[in-house]
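K.L.:
Just passing along the structure, written as structure tokens.
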């Protein structure tokens, strides 16, 4: 059953249509109801996703005596490990601890969009909180909260919180939050350059040349060459995963730079470069915002062959979501067509990601399982259900 996943984005899209007629109090009430529905659907999933078994095993084994050892053994960051142990000490079971962490991340990110939509910096459709949430739900929520990449999800939320201080140019609060995010997922360090790059000085023509070169000439083979050159004999988890995944991609021979997702993002990039002046303008905020936007696309196209490592672009995804919302409010030829096709692309992309992944297709919810008295299953029983889905998919094929 995949229907529940689409309730929040459909609700958000309908709310975005009528948003102009809402008073502030109604808008806030709808926002709260929408957020609660998304929390229930996405954050309270039970057996869905692929990462939770490893986290539950870790949760069951840790205590104050072995926490550091177990965290290092699994490569889990110390901030995440201490947080999980703290929730365990409070008496929460694993699933409730996971739900609390997901809600923390979800609320921080949603609140950022809500605050931004009401700020003086929001332009066009970016003022429509429900449209921003629609894009967020269809592009990010399945991966962040149903797949259960919880360490990354918390780090992402803290990074997004730090952007307030980035735009206010407050170095120490920004660095403190970035360090805190690093304690949950070390890839958060990729956001650090954003503080020091205040504007993109390259002309639009040169940006076109750079991205064309990346798209045309960058391949898994060249990435593997540079990865081995840079990391050499390093035994770090990141370098081993990167090199291993690139070698796997090359052996599978399933590389397709012209996949629909890559082409759509390339078209979005072209639109953004064409309307750069409207997005960048002449304020410090807009110049810094455009830097984040360009870094999003740079990371997207340089990591499109790197599988899970490509998730680091999500640290910059808020710039993409806001920019796309603004672009749809600029009048240009085929504007309505571009808007309609984008909506269809996001919905279809969400459907495809669910339909092709057995751990998404069979929706389960912890709260409803509690009401049915099925929430106290042992890890063994849960894994048997989980692997049963996998076997069912293999049999159906």
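Including glycine, each Cβ sits where the backbone N, Cα and C put it.
What TrEMBL records for 6-22, 29-49, 94-117, 129-160, 172-197, 209-231, 258-276, 288-308, 314-334 is transmembrane segment.
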K.L.:
Below 8 angstroms Cβ to Cβ, which residues of this chain, lying six or more residues outside the transmembrane segment (209-231), approach it?
P.N.:
202, 239, 242-243, 246-247, 249-250, 255, 257, 262, 266, 269, 297-298, 301-302, 305-306
K.L.:
Given pairs 6 or more apart, does the transmembrane segment (29-49) have at least three Cβ pairs under 8 Å with the transmembrane segment (129-160)?
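P.N.:
Yes, the transmembrane segment (29-49) and the transmembrane segment (129-160) are in contact.
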K.L.:
Which residues of the chain, 6 or more past the ends of the transmembrane segment (129-160), have a CB below 8 A from one of its CBs?
P.N.:
5, 8-9, 12-13, 15-16, 19, 27, 30-31, 34, 38, 42-43, 45, 48-52, 55, 76-77, 80, 83, 98, 101-102, 104-106, 108-110, 112-114, 116-118, 177-178, 180-182, 184-185, 187-188, 191, 311, 314-315, 317-318, 321-322, 324-325, 346-347, 349-350, 353-354, 359-360
K.L.:
Please report, as numbers and ranges, the same-chain residues at least 6 past the borders of the transmembrane segment (6-22) whose CB is under 8 Å from any CB of it.
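P.N.:
Hits for the transmembrane segment (6-22): 30, 34, 37-38, 41-42, 128-131, 133-134, 137-138, 141, 343, 346-347, 350-351.
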K.L.:
Can you work out which residues elsewhere in the same chain, 6+ from the ends of the transmembrane segment (172-197), have a Cβ less than 8 Å from its Cβ atoms?
P.N.:
77-80, 83, 151-152, 154-156, 158-159, 161-162, 165-166, 238, 288, 291-292, 295, 299, 311-312, 315-316
K.L.:
The transmembrane segment (94-117): which same-chain residues, six or more beyond its ends, come within Cβ distance under 8 Å?
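P.N.:
Result: 31, 35, 38-39, 42-44, 46, 52, 55-56, 59-60, 83-84, 87-88, 126-129, 132-133, 136, 141, 144-145, 148, 150, 153-154, 156-158, 160-161, 163, 318, 321-322, 366, 375.
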